[in-house]
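Here is what Swiss-Prot says about this protein:
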- 1-50: topological domain 'Extracellular' (TOPO_DOM)
- Asn30: N-linked glycosylation site (CARBOHYD)
- 51-71: transmembrane segment (TRANSMEM)
- 72-79: topological domain 'Cytoplasmic' (TOPO_DOM)
- 80-100: transmembrane segment (TRANSMEM)
- 101-124: topological domain 'Extracellular' (TOPO_DOM)
- Asn114: N-linked glycosylation site (CARBOHYD)
- Cys122-Cys214: disulfide bond (DISULFID)
- 125-145: transmembrane segment (TRANSMEM)
- 146-164: topological domain 'Cytoplasmic' (TOPO_DOM)
- 165-185: transmembrane segment (TRANSMEM)
- 186-222: topological domain 'Extracellular' (TOPO_DOM)
- 223-242: transmembrane segment (TRANSMEM)
- 243-262: topological domain 'Cytoplasmic' (TOPO_DOM)
- 263-283: transmembrane segment (TRANSMEM)
- 284-296: topological domain 'Extracellular' (TOPO_DOM)
- 316-335: topological domain 'Cytoplasmic' (TOPO_DOM)
Amino acid sequence: MLGSKPRVHLYILPCASQQVSTMGDRGTSNHSEMTDFILAGFRVRPELHILLFLLFLFVYAMILLGNVGMMTIIMTDPRLNTPMYFFLGNLSFIDLFYSSVIEPKAMINFWSENKSISFAGCVAQLFLFALLIVTEGFLLAAMAYDRFIAICNPLLYSVQMSTRLCTQLVAGSYFCGCISSVIQTSMTFTLSFCASRAVDHFYCDSRPLQRLSCSDLFIHRMISFSLSCIIILPTIIVIIVSYMYIVSTVLKIHSTEGHKKAFSTCSSHLGVVSVLYGAVFFMYLTPDRFPELSKVASLCYSLVTPMLNPLIYSLRNKDVQEALKKFLEKKNIIL
């Protein structure tokens, strides 16, 4: 018995010292007792915070202007009352919403010394962002299918892409996003957090939160990987197959005007898909030992994509340009 006591004390003391040194004022390893997290943000010199704040402010202003403007144009112009613009309006709403989940808090943290976020706030941020980013992936797949029907079966377009089907596709996208978000959020916050409260990111994301856990992450990562495959593979397959048929059909069109019209809408959609999926793949394939690269990728799909989407669709789409001009003329902005 005497020989076993030192071994017991040697086991207990490092754990206690680790709790004190890494957890600070939290003083517990139980996630249910945790009251907040600290968003570490970017590892830059303090004097660069003002520059980052101005950059985030500019991007967020562009997101608000572009996406609110796009939704307003689509709702006010009868010529844009088509399935494609119904999907585009929902895409603008999603971009506006999920950027608003992240950016305001990130901008506040550039100025505030208190960079904490409440436990409930962190849960809400992860849940909403996961819901909306997955919904956007399914919505982009629905938009690819819409382009496939419009180009490959134009005579049946109004019949096949009915209002009911469009509503079902959008509702299904939100439903899939909600189910995925519930699973991801519940898995993340049932972990035991026994490391620092500091989340090495500018918002609450699942991977940085996993780094704070002392639980066995094998099963968690396997479920996350399976969930990602279930989400990403079907959407990518729908997009790729749709565009294979689209390209095959467009190549059979002999008129130059037909080529331009087909590629103008398709190239806009492909640009949005490329930016979003490219950033997502880059972020999740980046090893954990390079957290700064992961943050850069997160910036692409959380800030850059919502800013670029309205620009991509407006610059490459004559219908949107004409609707915007008509809207501005009504408001007497253009003399």
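Cβ atoms are placed via backbone N, Cα and C, with glycine included.
For the recorded positions shown (Asn114, Cys122, Cys214), fewest C-beta neighbours within 10 angstroms: Asn114. Under DSSP, the residues of the topological domain 'Extracellular' (284-296) split into helix, strand and coil as follows: 8 helix, 0 strand, 5 coil. Taking pairs at least six residues apart, the transmembrane segment (165-185) and the transmembrane segment (80-100) share three or more Cβ pairs below 8 Å and count as touching. Taken residue by residue with DSSP, Cys214 (disulfide bond) is part of neither helix nor strand, so it is coil.
The two recorded residues, Cys122 (disulfide bond) and Asn114 (N-linked glycosylation site), show a Cα separation of 15 Å. The highest tally of CB pairs under 8 A with the transmembrane segment (223-242), across 51-71, 80-100, 263-283, is held by 263-283.
Cys214 (disulfide bond) sits 25 Å from Asn114 (N-linked glycosylation site), taking the CA atoms of both as reference points.
Between the transmembrane segment (80-100) and the listed ranges 51-71, 125-145, 263-283, the one holding the most Cβ pairs under 8 Å is 125-145.
When Cβ-Cβ distances below 8 Å are used as the criterion, the transmembrane segment (125-145) is approached by residues 84, 87-88, 90-91, 94-95, 97-98, 101-102, 105, 117, 169-170, 172-174, 176-178, 180-182, 184-185, 188-189, 203-206, 209, 231-232, 234-236, 238-239, 242-243, 269, 272-273, 276-277, 280, 301-302 of the same chain, each at least six residues removed from its ends.
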